[in-house]
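S.K.: One structure coming up, written as structure tokens, with questions to follow.
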């Protein structure tokens, strides 16, 4: 049976050959010949014909020569029309160096790229749950294998994948239809030839199974017969890929300009004409019935069938480019300019090498070249089938932008809502899952993804937002109260200092070592102010300043208290006969003692800042939904060395003050120092566990509270009693009250006056027997 499509393909090749032979630019003086064989859609016959061409000799019967043989001179083979016969032919004749696989070149994109492009198309529409039907041959099996591999990479799952062939028994066809009917997927991806698709569509139409989204390969998606076959409504809305539209000027007219009277030596043209017009020539063999007689002048343009349909012009164009590729290779081999070197010996292998290197542009502007694999550039157009008012036709829409916005849904499981993650269903593909809410700090994805440490999930678990930074700030209540307490302490210290300065010439101020008192007040002011460095957003400088300033100011403060305590002890030890203690602990030595104790702490702090200083640190562990901004210690040894040294001086001061607690009351400042050191030690001993156990900004608040509490303890215990006397009991602020009763010495009790400032002591006073006069100057 003559196939009009195959006849069209042969005509397209003839058009290219004749155009080249009539050209003066390409192969001038050289005529290309051809042999056309009909494989009759049979793989076996196609292989047989290819072998006959590859063998190089064939039997020729001519009246003048009789039976003889001559060289076939076949240098290249064009064809076959379909992929499966081409693959079989390439396997058989490859060793003969005919330009097929592995000397296999294509002018149509490889099905490998088509399969991958179909998978991308399915992914574009969000279809993750599809069925697949393929032709059971090399074309269908290889194409679907590539599609399946690509689909898995893109997260597309196949609910079923079945094969079909046009000769399968009806039971198998019905079984395939039952599989489609029982499936939940609404998208069917096909890699079918038109004839195999027809078998499936006929069975589906019997069950009226519409509503499926068909995704078609280029083998049938732009085929006119498929669109017009019975049951075509099953394919309404089908979408697929096709090779790009093409136009070759003059080809349509050449194909339709078929005159059997001009080709009387070829029975093929006569058979074609008789079938096209349903007539018989007089010379034809008689047949049943009384067909009308063919004249050979019938008008082809009035016929509407697959021969006059030029929808396959893109394929005709590929045949055209294939013939021209061979011609360009020959042109290069023969070194053609205005003439060609006809002495060059041709062989298929040499032609193959030149075909691989050719690069030319057709008269329509199409660039032709081959990749390393012998493939052209892969280009496709997207086709969508939409029914027209004519029930026997479909409109092919080539632009995806014109597709209906009502895209069908085909998923195994709906997309998980924001804030949930996928839990795969046991025994099912990855596209089938349940949705489970994400944990705190995670957002949804294929699996819940934990937010960056500086971010936290929203309530809906659908986005990560910046965590709130937490630190002790001036704006919050706790920070404001601590700031107020610090400023209040600073002001109180300043007031006390003003009172002492205002009454600096009174006995009570001059009798208590005023230089150390003012230095102590200055250090207390710094202690109150240094607590402010702990409030606010930590920075590199504030972190280094807060701990070092705290350590140095407190050591200065305790050194002053320690100096005052030693002065009290030394003053009364110096009253013993023969004692010259105060000679070695005068005002200069007192200042050097304070400076020396403080200098040690300065050295510790310098070493700490040099080796491993404190630095700002973002703590993500304490609170899940907040970032705690704090100052890391850098070196824990440095931090505890600073605190340890303060504690050592405080304990020493406490011990000395405790030893001096029973001195005469009027002079006994040691009791107040003892109380202040007791408060100081109690505060810092309780500070350690509180600091370690307090989270975030509360640890900073604990440290500030300890600084303020110990500072207030020193201020209240040492200076407030004296301010009380100065302001409220001025009658006690006299020289008389600065005379203290000494314990019995040598069996006699005496009362004597003493002052740390000799400028106001009685000048006529003489020390009693057994005692000596002692001046404690500032």
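Cβ coordinates come from backbone N, Cα and C, glycine included.
Straight out of TrEMBL:
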- 478-736: domain 'G-protein coupled receptors family 3 profile' (DOMAIN)
- 477-503: transmembrane segment (TRANSMEM)
- 515-536: transmembrane segment (TRANSMEM)
- 548-572: transmembrane segment (TRANSMEM)
- 592-611: transmembrane segment (TRANSMEM)
- 639-660: transmembrane segment (TRANSMEM)
- 672-692: transmembrane segment (TRANSMEM)
- 704-728: transmembrane segment (TRANSMEM)
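Can you tell me where each of these features sits in this structure?
M.R.: Listed by sequence, the residues of this chain that lie at least six past the ends of the transmembrane segment (515-536) yet keep a Cβ under 8 A from its Cβ atoms are 471-474, 479, 482-483, 486-487, 489-490, 493-494, 496-497, 500-501, 509, 542, 545-546, 549-550, 553-554, 556-557, 560-561, 563-564, 567, 587, 590-591, 594, 700, 703-704, 707-708, 710-711, 714-715, 718-719, 778.
Proximity of distant same-chain residues to the transmembrane segment (704-728), defined by a Cβ-Cβ separation under 8 Å and at least 6 residues beyond the stretch ends, is recorded for 472, 482, 485-486, 489, 492-493, 496, 499-500, 503, 506, 508-509, 512, 517, 520-521, 524, 527-528, 530-531, 534-535, 550, 554, 557, 561, 669, 672-673, 675-676, 679-680, 683-684, 687, 691.
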S.K.: Looking only at the domain 'G-protein coupled receptors family 3 profile' (478-736), what is the mean pLDDT?
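M.R.: Computed over the domain 'G-protein coupled receptors family 3 profile' (478-736), the mean pLDDT is 83 on the 0 to 100 scale.
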S.K.: Six or more residues beyond either end and a Cβ under 8 Å away: which residues meet both conditions relative to the transmembrane segment (639-660)?
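M.R.: Answer is 547-548, 550-551, 554-555, 558-559, 561-562, 565-566, 568-569, 572, 597, 600-601, 604-605, 608, 614, 633, 668, 670-671, 673-674, 677-678, 680-681, 684.
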S.K.: Any residues 6+ beyond the ends of the transmembrane segment (477-503) with a Cβ under 8 Å from its own?
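M.R.: Distant contacts of the transmembrane segment (477-503): 509, 514, 517-518, 521-522, 524-525, 528-529, 531-532, 535, 697, 701, 704-705, 708, 711-712, 715, 719-720, 722-723, 726-727, 733.
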